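*Asks:* For 497-568, the entry in TrEMBL reads domain 'STAS'. According to TrEMBL, the transmembrane segment annotation covers 146-168, 180-207, 227-244, 256-277, 308-329, 350-371, 383-405, 412-434, 440-473.
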Amino acid sequence: MEVHKVVPPPHRSTFQKLKTRLKETFFPDDPLRQFKGQPPKTKWILGAQYVFPILQWGPNYSLKLFKSDIVSGLTIASLAIPQGISYAKLANLPPIVGLYSSFVPPLVYAALGSSRDLAVGPVSIASLILGSMLRQEVSPSKDPVLFLQLAFSSTFFAGVVQASLGILRLGFIIDFLSKATLIGFMAGAAIIVSLQQLKALLGITHFTKQMGLVPVLSSVFHNTAEWSWQTIVMGFCFLSLLLLARHVSMKKPNLFWVSAGAPLASVIISTLLVFAFKAQHHGISIIGKLQEGLNPPSWNMLHFHGSYLGLVMKTGLVTGIISLTEGIAVGRTFAALKGYKVDGNKEMMAIGLMNIVGSSTSCYVTTGAFSRSAVNHNAGAKTAASNIIMAVTVMVTLLFLMPLFQYTPNVVLGAIIITAVVGLIDLPAAYQIWKIDKFDFIVLLCAFLGVIFISVQQGLAIAVGISIFKILLQVTRPRTGMLGNIPGTDIYRNLHHYKDGMKVPGFLILSIEASINFANTTYLNERIMRWVEEYEAQDAEEEGKKHSSLQFVILDLSGELYYSICSC
């Protein structure tokens with residue numbers, strides 16, 4: 001038998017150990033390695049390019065790239081304009097704020113962001129959370145100015161949270177929002193958002209302010225006298241049109257422009273119908289006159305004191321984390337499709353600074369939207385310049401085209417929101433999680449039911465709490481399994497998974513699928529002794545012996561990078 005002696009590692013001081021540990025925790029990508037051995041001038045250039053990625057691709061920008069970006073920019077602008085108005089109403093904010101939020105933030109992201117495909121602007125989930133959390137303490141109809149101030153203040157704190165996570169390299173915190181949590185949360189939020197649009201689709205005037213499934217349905221069926229057949233007919237016609245356009249684009253990706261242009265086309269057609277038939281006098285509510293001009297400054301509206309400080313900080317934290325998670329997930333998804341990398345910490349700083357600047361220019365929480373980013377990707381975007389072209393298009397709309405939206409019916413905006421959030425319900429992913437991990441499916445179900453029956457933020461909190469509990473459970477109760485030899489090989493695998501595996505006589509080989517620490521030593525000691533007792537009992541039963549043939553217990557501690565052999 002060949003024996004290799006294990007020697008202790010080289011001696012290091014406590015400071016060196018702590019330095020290495022912190023570096024691996026907060027700087028695993030070693031962002032300063034590109035500066036090593038470079039002259040001072042090059043270091044300044046590299047530093048500027050690191051902070052402003054636009055300086056990397058900007059000098060090499062060409063007419064060919066511009067042709068691709070202008071097509072994608074105009075395409076996502078046609079989607080961003082109706083969505084911006086719709087999502088602002090979802091957040092209980094003036095519709096014009098949604099367009100403001102589609103103008104300044106994309107310009108900031110184009111300079112600071114590292115994704116070529118991410119199209120930024122308001123999103124349904126962040127709009128829903130912000131509106132529902134603020135509405136619990138302030139009425140948007142009775143005190144609209146205060147509500148708007150709190151929305152801008154929450155956006156500022158969301159930006160601070162997001163930028164801080166990037167600057168302090170704490171992006172791993174958002175990893176606590178597991179895929180199961182997000183799928184359940186998104187599905188529940190999509191249903192709540194859709195149910196909220198019944199107010200617009202049915203023409204109801206008096207509607208509940210609560211977000212739960214039961215209060216919403218109760219409000220719908222207790223106000224049947226307010227239902228407007230004109231509104232219902234228009235709403236379901238345009239909803240069917242939008243869903244059909246979405247279905248066509250999903251079946252044939254080359255026809256992405258059908259789904260992208262359908263919202264704007266619906267807004268134009270419905271506005272013309274209302275104007276031509278004076279439908280606002282026949283039970284169909286309209287947006288009304290919108291303010292013209294570019295974003296007014298709003299830094300004087302930010303609240304950093306008073307009784308609502310805790311509310312805006314809490315709202316900013318929740319909306320900031322959720323929107324950041326969505327933005328980074330979308331950016332990484334499309335980056336993987338095109339074969340380039342997105343720096344997570346850069347994205348956090350870019351999205352955070354984007355929201356900080358936005359809060360001072362009459363914008364509310366924005367991030368990378370999946371629907372717009374998918375359209376941007378399919379339209380052939382090459383660089384972040386598509387965001388600049390989208391912002392310029394929105395700017396032209398703000399300056400010259402706002403009177404055209406005066407007669408836009410609210411029912412069409414509700415149909416646009418429902419069409420946008422339907423894609424958040426991912427049944428195949430939920431089924432896959434059920435097949436792989438039942439505990440993860442419970443987390444998904446808790447997030448889904450919590451959002452629907454309790455509230456958006458409490459449902460999310462419950463799901464995150466269960467996810468953290470699962471992590472603690474995996475640390476304190478690591479998986480163990482008995483290994484056996486695969487015949488004809490020197491490979492050992494879990495006998496529970498490989499039925500043709502064979503036990504080695506006299507040996508009990510156990511695999512521990514986690515690192516050993518103070519939290520699980522007691523459990524592992526008890527579990528190993530139970531394995532030994534079960535082996536001896538089974539051995540005695542099979543062989544009819546009074547004494548067991550077990551001589552050695554071998555522990556496969558691959559997680560600890562060494563093997564330990566214990567003699568019984």
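Each Cβ is built from the backbone N, Cα and C atoms, and glycine gets one as well.
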*Asks:* For the transmembrane segment (227-244) and the transmembrane segment (412-434), decide whether they are in contact, meaning at least 3 CB pairs lie under 8 A, counting pairs 6 or more apart in sequence.
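*Replies:* Per Cβ check, the transmembrane segment (227-244) touches the transmembrane segment (412-434).
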*Asks:* Look over the recorded stretches 146-168, 308-329, 383-405, 412-434, 440-473 and say which has the most C-beta pairs under 8 A to the transmembrane segment (256-277).
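*Replies:* Per the Cβ count, the answer is 412-434.
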*Asks:* Given pairs 6 or more apart, does the transmembrane segment (180-207) have at least three Cβ pairs under 8 Å with the transmembrane segment (383-405)?
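*Replies:* Since fewer than 3 Cβ pairs under 8 Å link them, the transmembrane segment (180-207) and the transmembrane segment (383-405) do not come into contact.
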*Asks:* So what's the average pLDDT for the domain 'STAS' (497-568)?
*Replies:* 76
*Asks:* Using a cut-off of under 8 Å between C-beta atoms, tell me which stretch among 146-168, 350-371, 412-434 contacts the transmembrane segment (308-329) the most.
*Replies:* 146-168
*Asks:* Considering pairs 6 or more residues apart, do the transmembrane segment (350-371) and the transmembrane segment (383-405) have at least three CB pairs under 8 Å?
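*Replies:* Contact between the transmembrane segment (350-371) and the transmembrane segment (383-405): absent.
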*Asks:* State the non-local partners of the transmembrane segment (383-405) in its own chain: residues 6+ outside its ends, Cβ under 8 Å from one of its Cβ atoms.
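*Replies:* Sequence-remote neighbours of the transmembrane segment (383-405) are 53-54, 57, 61, 65-66, 69-70, 72-74, 76-77, 80-81, 84-85, 95-96, 99-100, 102-104, 106-107, 109-110, 113, 115-116, 118-120, 267, 271, 287, 289-295, 376.
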*Asks:* Residues of the same chain, at least six outside the transmembrane segment (440-473), with any C-beta under 8 angstroms of its C-beta?
*Replies:* 128-129, 132-133, 176-181, 183-185, 187-189, 191-192, 211-214, 318, 322, 430, 433-434
